[in-house]
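The domain 'MaoC-like' annotation in TrEMBL covers 20-119.
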Amino acid sequence: METITNRPFAEIAVGDSCQRKHTVSRQDLILFATVSGDHNPVHLDAEYAATTPFKGQIAHGMFTGALISAALAMDLPGPGTVYLGQSLSFRKPVMIGDELLVELTVSSKHDSKPIVTLECSVSNQHGKVVASGEATVMAPTEKMTINAPKLPEIHIGD
């Protein structure tokens, strides 16, 4: 079983950073549409998406945002983090098969509260930034290590 250890507020410094990778799959788009209720055909209908300026299916913008959320919750600061806010600009489409790199960098810490601001950037396998912004979180104040829950495997047929 995988264990995950957070970085409590006292251990976080301006300039700290982390990276997380994810390759976008068709299943990602279907699962995100199911959870979000966003069934826009540009995400789900290959035939329709081929007629758009993107020439293919693109990931939901907030799917990319969810990858940032995962990096905050699992990496920096990690378990116990509470998301307070996010500014996010979508710069390029994310296609099925794209290999995304999420990068977070601590840009500031509040003086008296466990509030941390992080610059967020997501780039594709070509080094092109597909999304960027800033997240504000309440960092945990206590160090903790958790066992990552085993999530069920989900298979979607064609």
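Just so you know, glycine gets a Cβ as well, placed from its N, Cα and C.
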Across the domain 'MaoC-like' (20-119), average pLDDT on the 0 to 100 scale: 97
Three-state composition of the domain 'MaoC-like' (20-119), taking helix and strand from DSSP: 33 helix, 31 strand, 36 coil
